Amino acid sequence: MPNRKIPRATAKRLPVYYRYLNVLLNANKHRVSSTELSEAVQVDSATIRRDFSYFGELGKRGYGYDVEKLLNFFKGILKQDKLTSVALVGVGSLGSALMNYNFHQSTNLRISAAFDPKESLANTVKSGIPVYPVEDMKKQIKEQQIDAVILTVPGSESQAVTDQLVEAGVHGILNFTPVRLSVPKDVQVQNIDLTNELQTLIYFIESNKVTTDDED
C-alpha cells in the first residue's frame, strides 16, 4: 500500500464501505462498480474512487471491484481480521448502555474491561464485563494490551482520566464527554457529542422547512 496519509474524512468512510461489502458478499454478489456502491452508501462515485485510490489499484477499469478481495483488503486495514478489545471508563447510564450493547453485531470488537471510581461498582461484573476500580486501570490496560478506550465519565473528570490513560499507553479515545481533551500527537481522539449532533440535526430540519415553505 502506498505510504500516504489518509484524510480523516476518507478514514471515516472506510467502515461504511466495509459494512456494505459484507452485505454484498452475503448476497453472493461478486462484483460491484463505484456507481453501485455510490447508490448504496450515499457517497458520490468520484469520492469513492478517490478514497480507494489512496490504497493503490483496488479495481479494474471496465470491470469494477472484486467484492471478496476488496472486503478482505478493508478487513485488514480496519483490523477486522482479529479480535480487538477496548476498555470503557465511566459506568454511568451511557456507559452501562454501551456495555449492554458491546458491539453484538461485530465479531471482532468487544469491551473487555470497564473502570469506575464508585466503590459500589468496582470489582463487579456488568453485562458480562468485569468492572475494575480506577486504581487498576493502568495495570489492566497494559496487561490486556488495550489500545482504545471509550470515555463516558463526567466532564469535570475527563482530562484527569485521559492523562492516566495516556500514561497507560492508550493510543485512541472515543470521547463522549463535552470536554475537548488535551493529548499527545500520537494519541487519536474521536469526539462524540450527542447534544451537538442533535442540535445540528434540528438545524437542518428547520432549514429544510424554511426552504420548503419558500418553494410553496
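Cβ coordinates are placed from backbone N, Cα and C, and glycine is handled just like the others.
The feature DNA-binding region is assigned by Swiss-Prot to 16-55. Residues 1-2, 4, 6-7, 10, 63-68, 70-71, 73-75, 77-78, 80 of the same chain lie 6 or more positions beyond the ends of the DNA-binding region (16-55) yet place their CB under 8 Å from a CB of it.
Among the features that Swiss-Prot reports, NAD(+) binding site is placed at Gly90, Val91, Gly92, Ser93, Leu94, Gly95. Ser93 (NAD(+) binding site) carries a helical DSSP state (H, G or I).
The DSSP breakdown of the DNA-binding region (16-55), given as helix, strand and coil counts, is 28 helix, 2 strand, 10 coil. Around Ser93 (NAD(+) binding site), a 10 Å sphere centred on its CB holds 9 further CB atoms from the protein chains shown.
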